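Worksheet: the structure to be examined is printed underneath.
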Amino acid sequence: QLGEGATALPAPPHQCTLGSAFTVIDYSIFVLLLVLSSAIGLFYALSGDRQRTVQEFLLANRNMSFLPVALSLLATFQSAVAILGVPAEIFRSGTEYWFLGCSYLLGLLIPAHIFIPVFYRLRITSTYEYLELRFNKTVRVFGTITFIFQMVIYMGVVLYAPALALNAVTGFDLWSAVLTMGLVCTLYTTLGGLKAVIWTDVFQTLVMFAGQLAVIIVGAQRVGGMARVWHLADKEGKISGIDLDPDPFERHTFWTLAVGGVFMMLSLYGVNQAQVQRYLSARSEQEAKLSCYAVFPCQQIVLCLSCLTGLVMFVYNQEHPLAPNQRHSSPDQLVLYFVMDVLQDLPGLPGLFVACLFSGSLSTISSAFNSLATVTMEDLVRPHCPGLSESRATLLSKLLALGYGLLCLGMAYVSSMLGPVLQAAISIFGMVGGPLLGLFCLGMFFPCANPTGAITGLLAGLAMAFWVGIGGLLHNMRAAEAPPPPNGTALPAVGNLTTILTTTLLAPTPTPQSPTGLQKFYSLSYMWYSAHNSTTVILVGLLVSLLTGESAVDPRTIYPVLPRLLCCLPQKYRQRLCCGGADHADATVKSNGVGNGLAPPGLQEEEEGQGYIRAAGAPTYALQETSF
C-alpha cells in the first residue's frame with residue numbers, strides 16, 4: 001500500500017510481463033494446441049494405417065489428397081521465425097519485400113511440371129535415391145550427408161530462437177517452452193509418422209492464420225481501421241514502389257526478389273526432402289501437382305498477412321511509441337512487444353498468438369524429424385542392410401525419428417551457448433540449399449554430366465557458398481558494431497525469416513560507406529545466394545564432366561529441357577550443344593509415349609496407376625546403359 005501523500009509511478013509503457021499479458025484462458029489455448037497435436041499422432045498410431053510398414057510411416061502409404069499435402073507444404077517452412085521476421089522487415093524497411101510474391105509463380109510451376117513428374121515416376125522414397133539412379137552411390141551419400149548437416153544445424157535454431165524471443169518479452173519460461181515443443185513434436189512424429197505430421201501441419205496452419213488475423217484486426221481497429229493504416233504508412237514512405245535497379249548488391253529490388261526468389265523457392269519446393277516427401281505421399285502424380293498449385297494462393301495469403309501485420313505495427317508504434325528500453329530490442333522482439341500490448345486486455349488472444357508462434361515451430365521441426373529419419377533409413381541404413389525385414393525397418397525408422405527429436409533438444413542447448421554465432425548457424429541453412437539445387441539441376445537437365453563432375457561441382461558450390469556467406473556475415477557484423485543511426489537498432493537486422501528458412505542470411509544493416517573489392521562481393525544480396533551457388537555447381541560440374549568424359553545414364557532421370565529450348569537449331573548443332581542427348585530424348589518420348597523423357601524402366605518394376613513401383617523386397621538399383 002502507498003503511504004499518505006505518495007503517488008503511484010506509472011508502469012513503463014509497453015512493458016509486458018507474464019502476469020499482465022497471460023491469463024488462465026491464454027494458457028488453456030496454448031495447452032490445447034499441444035494436446036490436439038499429440039492426439040493426432042496417437043490417432044494415426046492406433047487406427048487405420050498403424051505405421052506398420054516403412055511406406056506407411058515415411059510416406060503416409062502414398063494415399064494423401066492434394067489439399068492436406070498443400071497445407072503441409074505451406075506449414076513446413078512457415079516457422080515461428082517467419083511469423084516474427086516478416087512483419088519486422090516491413091516495419092523497418094517498408095513493403096519492398098512484398099514483391100517476393102512474384103517469384104512464387106515460377107517457383108511453384110517449375111517443381112509441378114519438372115521435378116514432381118521425375119521424382120514421382122521413379123517411385124523413390126528419399127530424394128537422394130535420384131542421385132544414385134542418375135549418377136552413382138557416392139554422389140547419393142554426398143547429397144545425403146549435406147542435407148543431414150543442413151537440417152540438424154537448423155533444427156536447434158528454429159526451436160530455440162522463438163522461445164528465446166518469447167521469454168525476453170513475456171517472461172514465458174525459456175526451457176519449459178523448448179522442452180515442451182521438442183517433446184510434443186517428437187511424440188507425434190514418432191508415433192504417427194508422416195500422416196500425423198501432415199494433419200498436424202493442417203491444424204497448425206489454421207492456428208497460424210487465426211493468430212495473425214487476430215493481431216491485424218485488433219491492431220487496425222486500435223489505430224482507426226486498415227484504410228488509415230495504409231494512408232499513414234504511405235505518408236511515411238513505407239509503401240514501396242517498384243525498384244527496377246538490376247544491381248545484385250542491392251539488398252531488395254524487384255529483380256532481387258522476383259528472380260532471385262525463384263531460385264530460393266526451387267531449393268525449397270523443388271528438391272528439399274521435407275517437401276518432396278509430401279509430393280510422394282500423394283495418391284497420384286496429378287494430386288501431387290495439384291498440391292503444388294494449391295500452395296500458390298496460400299503462400300500469397302501468408303505473405304499478405306505478414307506484410308499487413310508489419311504495417312499495422314508501424315502505424316501503432318507511431319501513435320503508441322515503445323519504451324526507451326524496448327526500442328533497441330531485436331526486431332523479432334519488437335513484433336512480440338507490439339502483439340502483447342495490442343492484445344493484453346483481450347483474454348485468450350495473447351494465448352492464440354503464442355499458439356500461432358509455436359505452431360510454426362512445431363510444423364517445421366516435425367518435418368525435419370521425418371525427413372531426416374527418411375534419408376537416414378533409405379540412404380544410409382538400407383543399402384548396407386539389404387536383408388532388413390519390413391517390421392524391423394519400420395521400428396528402426398521410428399527410433400531414428402525419436403533420436404533426431406532428442407538431438408534437436410541438444411542442438412537447442414548448443415544454440416543457447418553460441419551467442420553471436422547463432423546468426424551464422426541460421427545462415428548455414430541457406431548456404432547449403434543452393435548447392436543441393438544445383439546438384440539436382442545438373443543431373444536432371446544435362447545428360448553429359450557425370451559422377452565426377454557432380455561431386456566436384458557440389459564441393460565447389462559449398463565452398464563458394466560458405467566463402468561468400470560467412471564473409472558477408474562477418475562483414476555485416478562488423479558494420480553492426482558501429483553506432484546505430486537515430487531510432488535505429490544496435491543489433492544486426494533480422495531480415496525476412498521466411499527466407500532465413502531457405503536462403504537466409506540475417507538481413508544486413510546498411511553501411512554508411514560504399515564497400516569496395518571483396519567487401520563489395522560480400523555485399524551480394526542474400527536473395528541471390530541460392531542462384532549464385534547453384535550456378536557454380538552447374539558450371540563447375542559441366543566443365544569437369546566435359547574434361548573427364550561421359551558415363552552411362554538412365555533416361556528416366558533426365559528432363560530434356562535443352563533439346564526443347566534449342567528445338568529451332570539444326571540437328572547437328574542441337575546434338576553438339578546437348579552433348580548428344582537431344583535425339584535420344586526425342587526418341588524416348590516418341591517410342592514410349594512418356595512425357596518429360598521418362599521411359600518405362602528396364603528394372604524389375606510394374607506399372608501401377610501413375611508411375612512405377614519396385615517389386616517387393618529390398619530396393620535394387622541399376623543404370624540402364626545408354627549412349628549419349
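Glycine too: its Cβ is placed from the backbone N, Cα and C atoms.
Database features, via TrEMBL:
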TRANSMEM  27-46  transmembrane segment
TRANSMEM  66-86  transmembrane segment
TRANSMEM  98-120  transmembrane segment
TRANSMEM  141-162  transmembrane segment
TRANSMEM  174-194  transmembrane segment
TRANSMEM  206-224  transmembrane segment
TRANSMEM  253-271  transmembrane segment
TRANSMEM  352-375  transmembrane segment
TRANSMEM  395-415  transmembrane segment
TRANSMEM  421-446  transmembrane segment
TRANSMEM  453-474  transmembrane segment
TRANSMEM  526-547  transmembrane segment
Candidates 27-46, 66-86, 98-120, 206-224; stretch with most C-beta pairs under 8 Å toward the transmembrane segment (352-375): 66-86
Contacting positions for the transmembrane segment (253-271) when only residues 6+ beyond its ends and CB under 8 Å are counted: 73, 77, 96-97, 99-100, 102-104, 106-108, 110-111, 114-115, 127, 242-247, 292, 295, 433-434, 436-437, 440, 499, 501-503, 525, 527-528, 530-531, 534
Stretch among 98-120, 141-162, 453-474, 526-547 sharing the most Cβ pairs under 8 Å with the transmembrane segment (174-194): 141-162
Top partner of the transmembrane segment (526-547) among 27-46, 98-120, 453-474 - counted as Cβ pairs under 8 Å: 453-474
